[in-house]
């Protein structure tokens, strides 16, 4: 009797027994309704069910005296029996406790799905939900279970030196907050939670300090160094104050504001009245000569004559009566100016109310005045003295004589000579020497006279180093920032039309992690991936459902929504399989289900894999959920083990089987991972553009495109995000791409290279990257923000850290659209995660040992600027508000540098829009500017203070940190690595073969045919070592030694005739009529394959009927139904069964690809039977147009892979014309998008086996190019 699926050793949990092959027994039917799938399976292993649940029992003993009794599990596609304990063992949990009622909704709107009922009969119509575990008998209710107590353990871990120093700094900054307040008021019972709060507070204080330092340095530090810098005016600056409401003037080296004075009538002489119009003529000028001090008052003890007055060398008053002469020289009567002390007693006290600052001169103007205007002025002790009028007066009266003339030479002659010989210079040193030669009284008289009569103002102290150092530093930083802005502008200014790359043929995995997204969002994402302008056979949609969870607004769990969208029959239920997740304690043990199939959308038929993480039976809250990082690591770890042919978990083995045996593509073929979020839709040409960039530059290991908003007009919240999304790509990422170091490749739209193009070195699947990225102990604030909040950014950081010589790039040509948060609360939560993860990741990047560039021209400097810019965002907004206030109130000069930076920032951005003719972005920029306080103040401050806002696990608790970290482990279900069995796929297939060989005619393959391991490069099975159990009579024909590159060729490099002869000489390889018509021997032979069918029991595909040519030759995927994960494998070193595309993707040499011409119609979704009954596969059109070489099939005389219409010429001498004719004929029948030159040459070699055309490969290549160019 043929074996059934339940007899296979690859039962969903039989992988736990790695010691021996199972002993399969056949049960006799009790009646005519016997279900052939019901078979009892006995195991050498003591208790399979207990072994499966060993994660709940630490150090589970392997008892061998347990009786095995079959127990039938029902309620899913295919039943199976498992032994249970007849006599329970103390302390062993052999069954799962019934859960509390479930299906309840949480406070955040998330509803957890109900656990299924497994008591329904096998043929029940009850819809089977995504149950996390198989049925478990309620053994505890029967008193058969002794519950295990919690396991308490203490683990001491060493802390790094950096961590120890950070803890010290944290306590230094937060020591003033006692812990008992955090315990009682803050309700922080755990030490690690309190430590994270202290770290958060310390970081927040540092950020506030940084903002305060920036504002202090920009606004106040300069004033400390140069206190009166805003209280000094030179001649040009004073001239700017000539308005009606801005009336400044200088008198005797001091500046006064006469705005509230000049309009009043201040003259006490009726004959000389004033007016505001007349007063405005004096605004903004130095009025010292209009207020001469009597010389007897200005120079006491030196001038005794009240008649002495000085002549002006270069001064003409606007009106003569504006000169305020006081004392005896005043000609008017009844005026206050008649008082000789009017200047000191009346004028000076009145001017004090209008005083503003100093009237200053710089050295250059003093020097030029001495040269061009012949002024006799000089600098002494930073004060400017002008003796021009004094020297002019002496010269004027030098020819006069008389005893009544005053003594005009009242100053010391040495001082006068010094001013004449050193005019325009600083004479401080010489002046001190002259004064020291005088008596103290005489020197004092000389200085009093100079200060009262000849003082003009101060040397401009704003030009001194003390006052200029601040401005120069700000200018230097401004230049660097403006240069960075300009570089970003140039990076974004990529004019010209989009490039149109040719369609590439690289194999790509489209990874889509999903959590609680809705049906509309998921459908939009899946449809966009299916509609990509990329070869459908070379892209794989890989969806990972992170838990069996009902999202807010959904009526079904997210995995159910995904499977319904893909057309999976809800009656098909996969079995949960073990794998290791990222988590604490028992959370590391997880179960997942695998589904595969084809998804059809608008003419595209794309294979898919769906992995549903369903969790352990004991999980009630969010079963299976481990986070997005775990979903990414699941695929990365799987591809890593595929690459190195390493032992895999049961879930990974099932994925391998589905990809290799069901879909028909070896997972080692895939070269790229296309990461797309479940709320993101990609444009049709996006993937090909991203892959084209990596194909052009093999140094690129990661690349992203531009992400735009799909709902930009939905709400005000989305509107303020449009421009922010644009500049984050076209300025930030475009600039970083110049260095080849994009610091954040978003997980919603990025491509990573799986392995390098040269050498096959693993990249994103590198063990180093995975080990760091899969860190399970996330117990500090820094790790929480890296791994829990910003996993996508940290993955990019790890790639840059471990592959510093490679490039991370950005291309604006590839575009995707994502759904931005439309509610303020959602945006707040998103930006909190993004901002905090950005800070922690930038800190990590700062300390990477190898980053391109040097000093200010390095990526490290750019990262520092980004980090500083993120931290001081609130200070930036505060400074802008300050500028607006001081400029609008006129209390300070216009900050030209600051305004130039702002203008450069937004002006260059606007120029980009204009040049690219994206004028709408100018409007979005204005919206962004109006919302600038939100982006720079509210969101950052909220994010900084909420840096410790995340969940803490209860399994691992850190109770103390110092030189060592003490961790208390408190777990109901302790985890150890031995709970998960690991096998290589070769071993897994071998066990499957051994089990099937008990009921098969074919012996097991020899050891020589087993797949060998290749380390360090991607590896595919040798076609010659892959044999089908039902098509090969023995394993003796398997070659003992294989050449990878030779055997991966559709035809091989030699011995073609030998292999063809082997095929034709084997009766099982001939497409005889008895098989075609479904004769009894072949029908029995096909029926004997049922136990090894990849579709397994419960599948909608019936291999018996299809082999007989029955109606509707439909692959289950072609009808919209999906293949649930079935534990059915083909034996090792055997050829894959028919793939989802209707033909083997990798056939061994000499094996007919589609040689079996069925009697029935081969109708499929997207294909139909050809005129000769030949299979026409979906997505490929007429089979006659498809090259057998491009499909991996051989050139044989039988089967669909034969050279139709072409005969083999065995002559040694052939004409070139004949070769060209057959070359043209052969190419006309091929799919030119997939056929290669090598396949074409191999076909010609086969058509002319004795012509020696192998030596004319170059000539053949030229003819191929010529024919293609002419077609």
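Placement of Cβ uses the backbone N, Cα and C atoms for every residue, glycine included.
What Swiss-Prot records as N-linked glycosylation site, among 314, 1161, is residue 1161. In Swiss-Prot, the feature transmembrane segment is placed on 201-221, out of the ranges 117-137, 138-158, 201-221, 222-242. Swiss-Prot lists transmembrane segment for one of the ranges 825-845, 846-866, 867-887, 951-971, namely 867-887. Per Swiss-Prot, the range carrying the annotation transmembrane segment out of 81-101, 165-185, 249-269 is 165-185. Transmembrane segment is the annotation Swiss-Prot gives to one range among 768-788, 789-809, 894-914, and that range is 894-914. Between the C-alpha atoms of residue 836 (N-linked glycosylation site) and residue 713 (N-linked glycosylation site), the distance comes to 27 Å. Neighbour counts were taken at the CB atom with a 10 A radius for the glycosylation sites 407, 713, 836; the maximum falls on 836. For the domain 'DEK-C' (1213-1269), the mean pLDDT of the prediction comes to 86. Distance from the CA of residue 713 (N-linked glycosylation site) to the CA of residue 407 (N-linked glycosylation site) is 89 Å. Counting residues of the domain 'DEK-C' (1213-1269) by DSSP class, helix then strand then coil, yields 41 helix, 0 strand, 16 coil.
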